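In what follows, a structure is listed as structure tokens, so that the remarks can point back to it.
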């Protein structure tokens, strides 16, 4: 077995934690490689490799060390090559993490395959500009349409199968996977969805309406979205909080289920609802 470790070195505690993980894996006789995630990395004792895609291709399991953002990034990249990801939480919430930093002894389960694989649905966003040029993006959390720099609302139209679903005048709209339902979507009032489901949740952001409701779509539906923004303002499509694509009234966006599936390693028997309540209690969101 070969394992690649992807540490978020912007977290000051991760370098030490990564060395601890490497020590445990070496004791188990597992071959380890470590990704060089940024140019400032200096404190990890093992050799570093800069090509993330090449590391994923040649290893069996990817370990993401950091918070949910790190796990999200590596799990999405690994999904493109049908590889497994284990998140080790060194951040705050850690909804996607399989282990906490004080549970490294459980890494022995990797060598015996004593774990479950949790499959997470992804969504595919296709953007077609006014010239008919298409760009395709894969999302594990969400695709978010939002207004630009000015505090002006934008009009967002959503259709499904040629039928109008909603017209919203709002700051934007979130199209979330079940995994992303505990992120921005939840903050905007969207429902929490168990990650073993397959669906797309559309949630408006600060709509100019007395009624604010999310809509849940089955995974076989394709959504078509168009935006009318003020001529003095801009609108953007954000992919998992990373990529930002400028859009206008001539841009067409479709959202559908991706052909890729993120595969997360689950070692502990914790269920989603226990994790949900534990994590939210830590943030004092629940009483």
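Each position is counted from 1, following the chain as shown.
Each residue, glycine too, has its Cβ placed from N, Cα and C.
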In TrEMBL, 68, 69, 141, 142, 169, 171 are given as binding NAD(+), so which of 152, 163 is in that site too?
152
Where does residue 171 (NAD(+) binding site) sit in DSSP terms: helix, strand, or coil?
coil
Would you mind ranking the binding-site residues 68, 142, 171 by how many other Cβ atoms sit within 10 Å of each Cβ and giving me the lowest?
171
